[in-house]
Amino acid sequence: MALDRAMHPRNRYRDKPPDFSFLASKYPDFSQYIHVDLAGNVKLNFKDPEAVRALTCTLLKEDFGLTVEIPLQRLIPTIPLRLNYIHWVEDLMETMGIKAQGPGSHAFIRGIDIGTGTSCIYPLLGATMNGWHFLATEVDDVCYSHACCNVERNRLQDLIQVVKVPEKTLLLEALKENPSVMYDFCMCNPPFFATAEEAKGAKSRSAHRPPPSSVNTGGNTEILAEGGELEFVRRIIQDSLHLMKRLRWYTCMLGKKCSLAPLKEELRRCGSPPPKRRKMEKLKRPFTISLPSTVVEQLLGQNGPSVKDSVQEVCRFLEKVLAELKVQFIRVSSAPAEVSLFITAHENTWVHARRKRRKEQQASLTEMACDGDSRSMSSMEFQAASHSDSEHTQSPEGHNSAGVCSVGKVESGDNEVERDLDLPGMRMSGSSKHSVHGDKPVLKSLVNVKGVDDGDQEGNASLFVELHWVEGQNRDSLNQLASVLRNRLLSSCVSPAAPN
């Protein structure tokens, strides 16, 4: 189960993975599939289809109040990924001015699920969460019967209609009966593979990739299609040319990155503008730094900080670090319990920041050593001049000039040492001769510091620092800066407290 920051921001499993211990204590049917390892961690065997099915059914019951039955001979959906797709469709609906706010609280939305499967997962989630109306199509007899039973079991017949369609039917045949009905979107998980050998990984996985971490129980109609997902989606594109505006949004979740380029070319050939979905997804995936409440307490030196105070203090700390890195920043308007900074960097001063600090410290120590040697030599010269009367007769002016010469050397020693230290590897690469100049800034980014109250910990705050890419010369610069900020934040927490 892939749970990471790349998930949709509204996905409930993004920040709170399922608690197997809690679920096992509440649902006996699930508890028999978990085990505790030697380190005391509760584990689930994702290679066991019965365990995966138990987890899916338990999550649907606990988090959505849905009761489903799924046969082991058919595809078992993973809930976080399916929930992601629902949230993406919600975003598309918002572009039309429609915001999903629960059943009965928004405008009438009608969607199509192509190949709904035994669980009828997308219609069940969409209807339960948002009150959407669905037309769910299915070609397999077993999947069709189980999908109908799951809809009836959850009393959602008024919102979900499951229809049996002939094999290789996608949209045209399914929409013939009611030509006047308009749909807002269609969604689909196409069969990924073209042959059984490909489904086993013979051609679809390179040699260096590890084997799948979970079991695949999908039937032939669910994972196999003539031409694989590429040909399947091409057929949807061809159907869209006939249906035109009967469907507002045609969506599909691909399983292979290599399918993207030929599908873009197919859209161009059919006269559609190139899709921009991948670019939108990248912009919606910021680099996120998570600071639990315990870390925030160490950083601020206080117990139980409020969300507002924690956000402000962390933001001030980030401003201090950005100022040290010579990165321009301004505060911009933001939501409550959140502070936003718009940063602009005309020079990459954070690459190898630790190495630069070590070189700066080394240069400082060398300068101090040279300064001490110069002062020692000056003292020796002065003493030699003052005791040379018996060997060399010298006027007071000469004595004074010799002293002034030595003292003057000490005063100008900083400049001389600086020139001596102007060697490769001894100067900070943030100096002007190492700067990257040009009309385009190195990086522009929006930094959001967000606070989230944890009611179970009596007000202790958990913080998230998100860095959004805006523009610049290279996206890697954002990741590098985020790593520096994260390390500075964490190092401030683990460093020993200053004495009072």
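The backbone N, Cα and C atoms fix where each Cβ goes, glycine too.
Taken from TrEMBL, the feature S-adenosyl-L-methionine binding site covers Arg82, Gly115, Glu138, Asn189.
For 375-387, the entry in TrEMBL reads compositional bias 'Polar residues'.
The feature region 'Disordered' is assigned by TrEMBL to 357-413.
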Legend entry - Cβ-Cβ neighbours of Asn189 (S-adenosyl-L-methionine binding site) (radius 10 Å): 24
Inset, instruction - Return the residue, from the listed binding-site residues Gly115, Glu138, with the maximum count of other C-beta atoms within 10 angstroms of its C-beta. - result: Glu138
Legend entry - Other C-beta atoms that fall within 10 angstroms of the C-beta of Arg82 (S-adenosyl-L-methionine binding site): 19
